[in-house]
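According to Swiss-Prot, the record shows the following:
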| type | residues | note |
| --- | --- | --- |
| MOD_RES | Ser155 | phosphoserine |
| MOD_RES | Ser276 | phosphoserine |
| MOD_RES | Ser326 | phosphoserine |
| MOD_RES | Thr327 | phosphothreonine |
| MOD_RES | Ser369 | phosphoserine |
| REGION | 45-54 | region 'Interaction with Elongin BC complex' |
| REPEAT | 483-503 | repeat 'LRR 1' |
| REPEAT | 514-526 | repeat 'LRR 2' |
| REPEAT | 609-631 | repeat 'LRR 4' |
| REPEAT | 632-655 | repeat 'LRR 5' |
Amino acid sequence: MAAPEAWRARSCWFCEVAAATTMEATSREAAPAKSSASGPSAPPALFELCGRAVSAHMGVLESGVWALPGPILQSILPLLNIYYLERIEETALKKGLSTQAIWRRLWDELMKTRPSSLESVTCWRAKFMEAFFSHVLRGTIDVSSDKRLCDQRFSPLLHSSRHVRQLTICNMLQGATELVAEPNRRVLETLASSLHTLKFRHLLFSDVAAQQSLRQLLHQLIHHGAVSQVSLYSWPVPESALFILILTMSAGFWQPGPGSLPCRLCGEASRGRAPSRDEGSLLLGSRRPRRDAAERCAAALMATRRKSEVKQVPRALPTSRVTRRSTQESLTIGGTDSKRELYPPATSYEASGTKQPSSAPTAASSSTSSKRAPASSVSQPKPLKRFKRATGKKGPRTRQGSGAESEDLYDFVFIVAGEKEDGEEMEIGEVACGALDGSDPSCLGLPALEASQRFRSISTLELFTVPLSTEAALTLCHLLSSWVSLESLTLSYNGLGSNIFRLLDSLRVLSGQAGCRLRALHLSDLFSPLPILELTRAIVRALPLLRVLSIRVDHPSQRDNPAVPENAGPPGHIIGDEEIPENCLEQLEMGFPRGAQPAPLLCSVLKASGSLQQLSLDSATFASPQDFGLVLQTLKEYNLSLKRLSFHDMNLADCQSEVLFLLKNLTLQEITFSFCRLFEKRPAQFLPEMVAAMKGNSTLKGLRLPGNRLGNAGLLALADVFSEDSSSSLCQLDISSNCIKPDGLLEFAKRLERWGRGAFGHLRLFQNWLDQDAVTAREAIRRLRATCHVVSDSWDSTQAFADYVSTM
């Protein structure tokens, strides 16, 4: 009897609230009301008045509201503001109540945008709160404009931050300064545990303060947080310093900015333990390699150049270059800016005018010393070389604030030119001191190595339409060579050009690192100095552990491009005629430029990819049907694990016998022929042959034929696949964009009913001519839904008039 008594007690409490609310409403009605042009409105219902009163006093009544019976609570939920509605979610679920419809209505009324049709919203509360956080942060929504958003007892940012899984920073880094401000410290701490994806869109030039705020934000969210993915979109003219800052922070490198306070979390983590020589390798984790000499020196340079008003003296030309073998080849191939030369920077004692040290420290070991170039007879050690910024300015200049910060970032990048591959020591010309191998950094006035730290890094990096200059490409390549935590890399329309050779070099070095986790690479661009198949071979050789490779080149390669110095070809270690070693590819997607492709090159990749499960060829053209048949024969012999095969925008009108070979001999689960002109020639003869092959194929589960001008006759012929004498297990059929009319679809539905095969899965009917007879189309779809799940649309078939004329 305890539960009914509690229920009655809560009901009585609610009645008391109702009575008080009624008296308050009656007293207000007794007061003279203002005249209204629309006339007096109907008085609200008693229950609604009670709900409003409860909602207005939730600060006092919250615990009582949570204990209300389900039917009463269900009527109060739509009257609560978003803060209490979010807080009561768990209680509502326990009582069997859902708030999803309320959150959806709030989205429609307040956000006033419609989600993408491709987006499947599983939780409208999380979606609303995430969008609400972004709008409040950017100042695009006024919380005081709607009582459902305004409550003095709650902070909009703090309350919604725990629902944020994806944050977008736009334009001039709006929101970064607000998030790192002290009043929002708890907001940032919550974001550090909830945020997984950080996106940058349409970035513009930003000031020093904004970049410093971004530095602190990235340090908190990536190094001490849970962010695992960073994506950059649509940045036509990247600001070098900002771009390099985002990349280096994403890779786990951290140096406090000039004048910034020490990181509280870093202090807590390092409190109570003494720094050691292996500090860098400990921060990398057990699976990450220790930083090499060039990287440590670059990080040390970043720490020492935070001095204001430090003048540089005019630089002399270097007597020897700091080179890496593969990088030097790349520079020879890709060329360098004629205005950019290698200049040695002034060391700290040269820049400040102080006296240099009287002696240089000894090398770390005899074996290390023996690999170095002979030291100069001059007793004074020469400064470390680096690239000069492409500003066109020479001579002394004052470095202050952002200038020093920008120089530090460039120092970090271009020291990479001195890194030797395969673990070899660096040749520093006449600098014989052991600074670069970490033996004594003080010989160049650098701090101890412990001043530079590397923290947690992201696992997914995406660059969409972000042109990469030579400096930016060098930055990316250097970071990639030791970025062992990276699992997925997407480079889309970045204008790499000849920098693709540097990228391949860095990926090859990364693949050799212990614990390398890169398993997915998505690469697309307008042009490539290598033909797409040679580029694919080079990538597969460089990354034998890759699981997913998606590559697209829109325009043909030009080997005789005058931009390549002396018409030099690619390095011999990047392309070659030797056999491709066995790899771990499971998914391969290729988008080809116009022009016939050499089938043997594609076959060589397929032969080395015995684990391939999914293959997609887009716009591929072969010299003859025999070449296409050679590819299919290779798939049959070497790719026994292949489950999904897709062809898009390929002219297969002359490859009908090869298509029949595919259907009869490959044990696939899904085949896609998208806009392949499959039935353009001999449809009356080819369709029955194709249907017969499919009826005997018991492994095929999905067939996609969009854009092949199937028509009513072809659809009715295809219906025979589901006849009683068929052994086909087809359960997914896509016949979108196939000039199908309502009467043909109705007859197709009747045949399926006649054979009584039962539900066979999904049927897609997008962009067909079903609007020519709406009644017949509805009847056909009604009959089909008894057999399968139908997905269609209300497409205007007049848009396909040109296609109709071409089939007459």
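Positions of Cβ are set from backbone N, Cα and C atoms, glycine also.
Give me the lay of the land around each of these features.
Take the CB of Ser155 (phosphoserine) and look out to 10 A: across all protein chains shown you find 15 other CB atoms. In the three-state DSSP reading, Ser155 (phosphoserine) counts as coil.
Mean pLDDT of the predicted structure over the region 'Interaction with Elongin BC complex' (45-54): 73.
Residues in the repeat 'LRR 2' (514-526) partition by DSSP class (helix H, G, I; strand E, B; coil) as 0 helix, 6 strand, 7 coil.
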Would you list the DSSP helix, strand and coil counts for the residues of the repeat 'LRR 5' (632-655)?
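Counting residues by DSSP class gives 7 helix, 5 strand, 12 coil.
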